[in-house]
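The structure appears right after this line, and notes come after that.
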Amino acid sequence: MPIPGSGLAKGLAVTLRTMTRRSVTAQYPDVQPELPPRTRGVIGLFEENCTVCMLCARECPDWCIYIDSHKETVPAATPGGRERSRNVLDRFAIDFALCMYCGICIEVCPFDALFWSPEFEYAETDIHDLTHERDKLREWMWTVPEPPALDPAAEEPKEIAAARKTAEKLAAQAQEQAQAKEQEGEA
Amino acid sequence: MSSDTLDVVLRLLGVFVVFLVLPLAIGQTEHKVMAHMQGRLGPMYAGGFHGWAQLVADGVKFAQKEDIVPAGADRRVFQLAPAVALLPYLLVLVAIPVGPGNAVGQFVDAGIFFVLAVMGVGVLGSLMAGWASANKFSLLGGLRTAAQLLAYELPMVLTAASVAMAAGTVSLPGIVDAFHWWWVPWQIVGGIVFFTAGLAELQRPPFDMPVADSEIIFGAYTEYTGLRFAMFLLSEYAGIVVLCGLTTVLFLGGWHGPFGADGLGWLWTLLKTAVLAFVVIWLRVTYPRLREDQLQKLAWTVLIPLALAQIALTGVVKVVTQ
């Protein structure tokens, strides 16, 4: 059986202990919050990577991505070659009044044109102003943080592995050619 | 003759300044202590440095608000109630000695009687407000105040009587003069009962059923706005000053301390009062409000028997040591 009044004393101890600790209040407008790099603040568009494949707009559950584009023909690169057609982005807008920050567009983008940014201070007084166009989305790209570093013993990133293999192959070719030339010279 | 008049004026002025400053200081401390006990920061903007001027800002806000008297209210009584709630504490403050000699607003011969009687008047303010507001929640609050006053005045008076018995005098400076350190363990039960009953009389949490905002809106103060409402709030904090000062004088030896009793005696009184005020805030943050029946049960089945036992103990010790 506990001592009568021990509960009361415990309560007093809890409040006193809390008083000696740092308070948890975030003084937001004065002090910016330290957000983790994967924070879902806003979606940035790296439009140089966009090929207007429309995957993001089609996968968006809210249908809040608006894309307009047209085709341009690119003259043949080599004489006698075939003309190619290329998609040119005319409009890329995301309506953040509709967006539910699911991140499916970013997951689905095959060309790494969409990124999460921790930037969150884009409140507007009119709901229509929450539809942000490509220039604004491009600006937000600058606030996208570097991806977190890989674990020490992690597998090499695919693109680096591919680049390294190509470089090694080229180096090996160059060496072979050099050796062949030497042998010619001796002979 | 003129120096006598000057003396009285200076003393009253001093008491008035204390009456205006200390409740605000306690209010600000409550803002901050309560916040930090709940892991918050409390006011941070008013005045620039950690919101020190928050209560000044609140005062300005209250002064700007319209003073409304409900159509069905008893006009005169309604308007008078805040003053009745606030003034008694000013009067009590006059009689509380802060240091040895004549460091007191006005020496009152039967100090304990005066102080307890006048403190009881303060509660009348809430009662008047409750009756005059023509609002059922105000009436409920007023009646709860009355019931609380009845229940808690008794243990308060009994424990004060115990101290008066121990000292053999009813004058407040006389009681502090007669104080020895071993009075603290001797009168500890009485001190706790007095302090608890005083909290209940001030309607401070956890004894704030008369204003319980989640049950009866704000009790007797529901219909009040602006400066009159601010006066009720101020009376609560003035009440804390008075209660803590009285507990210091009666049970903690007032200006007596391990050293510096003569020159810095008033500092000891102030320090003890401040510590008690902190305890008042601490209790408010820690404990949830009692239910109305629990409140009555605590008074009649715990505090009053304890107070009577304290009186018996005081009597026995007094007879044995003589």
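Each Cβ is built from the backbone N, Cα and C atoms, and glycine gets one as well.
Note: TrEMBL annotation is automatic and uncurated.
Of the residues proposed, A:Cys102, A:Cys109, the one TrEMBL records at the same [4Fe-4S] cluster 1 site as A:Cys50, A:Cys53, A:Cys56 is A:Cys109.
Take the Cα of A:Cys99 ([4Fe-4S] cluster 2 binding site) and measure to each of the binding-site residues A:Cys50, A:Cys56, A:Cys109: the nearest one is A:Cys56. Under 8 Å, Cβ to Cβ, and six or more positions away along its own chain, A:Cys60 ([4Fe-4S] cluster 2 binding site) finds A:Ile104, A:Cys105. Counted with DSSP, the compositional bias 'Basic and acidic residues' (A:155-168) comes out as 11 helix, 0 strand, 3 coil. Under DSSP, residues within the domain '4Fe-4S ferredoxin-type' (A:90-119) fall into helix, strand and coil as 5 helix, 10 strand, 15 coil. With the fewest other C-beta atoms within 10 Å around its C-beta, A:Cys53 stands out among the binding-site residues A:Cys50, A:Cys53, A:Cys99, A:Cys105, A:Cys109. The domain '4Fe-4S ferredoxin-type' (A:41-70): residue composition by secondary structure is 8 helix, 10 strand, 12 coil, according to DSSP. In this structure, A:Cys102 is the one among the binding-site residues A:Cys56, A:Cys102 with the smallest number of other Cβ atoms inside 10 Å of its Cβ.
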